[in-house]
Every structure is written in structure tokens, then in C-alpha cells.
Amino acid sequence: MDNNTLFAQSISLKELGIENATVRYQLSADELHAITVQSGQGVEASTGALAINTGEFTGRSPQDRFIVKDSITEDKVWWGNVNIPFAPEAFEKLYNKVKAFLSNKEVFVRDSYVCSDPNYRLNVRVVTETAWSNLFCYNMFLRPEDSELANFTPEWTVVCAPSFMADPAVDGTRQSNFAILDFTKKIALIGGTGYTGEMKKGIFSALNFILPVFENTLPMHCSANVGKDGDTAIFFGLSGTGKTTLSADPERKLIGDDEHGWTAENTVFNFEGGCYAKVINLTEENEPDIFRAIKKGALLENVVFKAGTNEVDFDDVSITQNTRVSYPITHIDNIQPGSIGHNPKNIFFLTADSFGILPPISKLTPGQAAYHFISGYTAKVAGTEAGVTEPQPNFSACFGAPFMPLHPTKYAEMLSKKMKDADVKVWLINTGWTGGAYGTGSRMKLKYTRAMITAALNGELDNVEYVNHKVFGIAKPQSCPNVPSEILNPRNTWEDKDLYDKKALELAQKFKANFAKFEEFANAEILAGAPITE
């Protein structure tokens, strides 16, 4: 059904101040695909997916993300390098310029919503300069029924104009690109960047303020799935730690792969209606769900084709390492109807520790869970340039600091209370290195990580012996089905045990240094979850 024909007459952007625009409203995925190809802005890949290039920006630009400092946000947002304040007057002037820029142009408008739980539904209208940006929002946000559109009232608006360039000297931005949230006007304003993830993370950031402040609901940067008995599992983790991979389990139904809410009514729900997956080095063997989802309707970003073909070379990172695909969650077979589950029974914190110190699986106390949640640790492998092989620690509070407007301890307190009330087991999973740090040891085998998670989910680790790690104090199981017991204690996998002890203390000191800025806000239980540093 061509909704454009049905509803174009009733959609006006005058309320937004965009005048005389040619509005292409609620186009189907096929129509947006065709327009993008016809305009020369994209190419159809051999699988039927649409491939586009996002331009100069192939990732988010955290230094150019702002929140308008107003009566709603002034006393609640944790202002600083993550949440950078923007003056209401400056926003008004910049928004007026964007409105004038989009007036008298063809624009693509989509009505959608976020939050799959009907009690928390938030209607979002998206106004984009390009058809492919609109396709991204069709894929990623939830899609209302045609019957809902006649009476659709947007609560938030996303305005995305990639070819509008700000003037930093006049507009108060850092450079020509920007992503700004205004909680009074309820607008996410994006310009100067074609990276589609700015739209997704803009609304995620808005929900990360709205839900805890007004709805007593914990927003989470996590994936989630449900077992045959209705038991929900949640996987927190930064990019590259295995959220998408480990939540894709043939024995369990996927709720979602990235953004969820945990309500006071004991439900866990997906914010989104799609998946936004990395495709670097993608193979059907390692990631069958993602690989098979790259078909008609999917949107590939910044990939390269094999010479002379329209077949994607997933190993080619000549444009960026952050090659991506978005697709509706319905492209995956094994999904949870309605994208809602009940209270989780197990929570997994995923870290790719390339120092090789943390155990592959350990059980956390409530205090340790809060400490590690606030820390949000993983480690990046340094680039090979100039012979640098030493891993770099990466701490991102709540496993998603760039998207969290409130102080991290606010989210941690909510999580701690919910974990205690629901009697949740919390596990720290190291998907990183074993037998030494990066360069000496090896990456933990995926089959072992999967076996450990399966054992935890099935209750097979409830009655085994545990020994506390001497530095981090976390409880290491001494046995696990289908996993060699020698890898469960990381110290035993190192040839040089003294070096392991030294490096473990060094990592603990990195944790302590990072946590210093949170100490004054943390209670005694959380502080007791810290590692020993001497």
C-alpha cells in the first residue's frame, strides 16, 4: 500500500516551520530503495540489499553531541565531556537555519514509534533530507499499522539534514556537523553528517533521560533474549564484546540486540524495531542470522564490492572498519513476539579483556555488579602502527556512556534495586584473551563462551565450587560443562604466573583510577565491589 498517496494531503510540516516542502510521506522500503538507486545515491547489492555511503562521517561524532540546557535538563543532566550543554537561544537560531534549508525542498517524512511495551510507547516523526536516511528509520524504529496513521500525533521529532553545514563561529557548534537534543521542543536535530546511527542514538539518548526521570524505568544498552521457559537473559557490553553474537541463540528467542527498558511492572522491552549490526569480516558460518538478514529491505553502509561485481567484500575496510547493516527485526526468524519479556533471571556483563586478566566467567555480588556496571570496562587492541601492541583499557559507564544523560550512579542504583528485587544472577564474561595478553595469548574460543553462558542459563553453575579471584574478588567456577577446567582460572593459563599477578594489579589500578570520579557518589556496598590494588 502506498501510504504517500493516502496521507500526503494531511501531512504538513508548517508546525515544524518547514515551508512549501514536497513531502514524501510514509514511503515503503521498496519505494525508498528505488528512489535511492534512481538518484545515484545507492546501489543494489547482489543479495538485494541497498548499499549506500554515508559520506565524510562513518561513525558517531561524540564531541559534536549536545543537549540543550533548559529548565528540564539543567539540574538533572550530568554535564561534561559526554553531555555537552547547548544554549536554548543558540538552538533556536540553528534550528531556524535548518528549517529554511529544508523549506522548498523534497523531504522524506516517516511516522514511527519507539518502545515495544504499549505502556511506554513514544511516537516519533522523522524528517530526512535523503530517502536512505528514511529507510534506516523504517528499519530501526517500530512501524505503526496503516490504521494508526490517520490519528498519529508525534511526541518527538527527528530532523536530519546531512548536507546542511553549521558555521561554528556563528552557530555555537564545534565544527560543521552536530547532533543536538532539545527536551523542551522534543526535537533531535542532526546536520552535517550522514551517519545514520546519529538518529538511532539520538532517540536512545532521549529515552535514557525520559524513562528513568519520568517513568521509573531503567534504560539499558544491552541485548536480550528469552528461553523456552520464559526466562529472560540480558547481555550488557560495549561494541565488539559479543552482544549481538551471544544473544543470537537457536535455543532462545531474540527480544532485541541493542536497546531495552526494564519496567516497574517487571517487563523487559525492546526500544527498537530493527537491528544495526557491524559487518566487518562477516561470514555466514560465524553470524548466520546477520548474514541471512542482508536481503531486500536491508541497508548496507560504507561497504565495498568485490571488483567488477555487486557482491559485498565484508573483509574490505578501505572506507571504514565500522561497516554496518540495518534491517527490520523481522528479517530474523527466531524472535520473541511483541519484543517483550519478563524480569531477567540472568544478566551478563560482556568484556573483551585483551590484557588476559579477567576470568572467562565469574559470578558477581550485588556490590560487584554495580561497580562493574558503573565501570563499563573492556579493552581495545591497539593498532599495529609503530609496533604498538599494548592493549588500551576502555571504560564506558553503564556500558554506554555516550548515550547516558544522567549521572551513571543513577542508572546503577536502579539496576541494583531491580537485580535484588528480582533475585537476578549476574555474571561477568570475558570474551577477550586467555593464556596471556593480546600478542601472547589467544582469543577465548566462541564455543567455550557459548558453553559457559548456556551452563549459567541452565542452572548448571549453581552448585559447583567457586574460588574468589585474589585481586578482583569475583567468584570463579572451578568447573563448567563442555569447558576445559584449566581455562576457568586465567592465572593457570599464563606461562609466567608472576607476570600475571603483576599485570592483574596493574589492571586493578586502572579500574581504581577510572572509578575515582564516581567514588563520592557510590555507597559502601558498591565501593566494596572494587578490586584490591596493593
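Every residue gets a Cβ built from N, Cα and C, even glycine.
The substrate binding site annotation in Swiss-Prot covers Arg60, Tyr195, Lys201, Arg324. Summarising the annotation, Swiss-Prot assigns Mn(2+) binding site to Lys201, His221, Asp258 and lists sequence analysis as the type of evidence. Swiss-Prot lists Lys201, His221, Gly237, Leu238, Ser239, Gly240, Thr241, Gly242, Lys243, Thr244, Thr245, Glu287, Arg324, Thr449 with the feature ATP binding site.
Across the fold, the C-alpha of Thr245 (ATP binding site) and the C-alpha of Asp258 (Mn(2+) binding site) stand 11 Å from each other. For the pair His221 (Mn(2+) binding site) and Lys243 (ATP binding site), the Cα-Cα distance reads 10 Å.
Long-range Cβ neighbours of Lys201 (substrate binding site) (same chain, at least 6 residues apart, Cβ-Cβ under 8 Å): Arg60, Ala179, Pro402, Phe403. Calculated from their C-alpha atoms, the gap between Tyr195 (substrate binding site) and Thr241 (ATP binding site) amounts to 22 Å.
Cβ contacts within 10 Å of Arg324 (substrate binding site), excluding its own Cβ and spanning all protein chains shown: 22.
Sorted by the number of other CB atoms within 10 A, the binding-site residues Tyr195, Ser239, Lys243, Asp258 start with Ser239, the lowest. Cβ neighbour count for Thr245 (ATP binding site) (all protein chains, 10 Å cutoff from its Cβ): 23. Within the same chain, the residues at least 6 positions away from Thr241 (ATP binding site) whose Cβ sits under 8 Å from its Cβ are Leu350, Thr351, Ala352, Thr378, Thr431, listed in sequence order.
When each of the binding-site residues Arg60, His221 is scored by how many other Cβ atoms sit within 10 Å of its Cβ, Arg60 comes out lowest. The record assigns Arg60, Tyr195, Lys201, Arg324 to the substrate binding site, and the maximum Cα to Cα distance across that set is 15 Å.
Residue density at Gly237 (ATP binding site): 27 other Cβ atoms are found within 10 A of its Cβ, drawing on all protein chains shown.
Other than the site residues Arg60, Tyr195, Lys201, Arg324, same-chain residues with C-beta atoms no more than 8 angstroms from the centre of those residues' C-beta atoms, the substrate site, are Gly59, Thr196, Gly197, Glu198, Lys200, Tyr276, Asn322. With respect to their backbone Cα atoms, Gly237 (ATP binding site) and Asp258 (Mn(2+) binding site) stand 9 Å from each other.
Lys243 (ATP binding site) falls within a helical segment according to DSSP.
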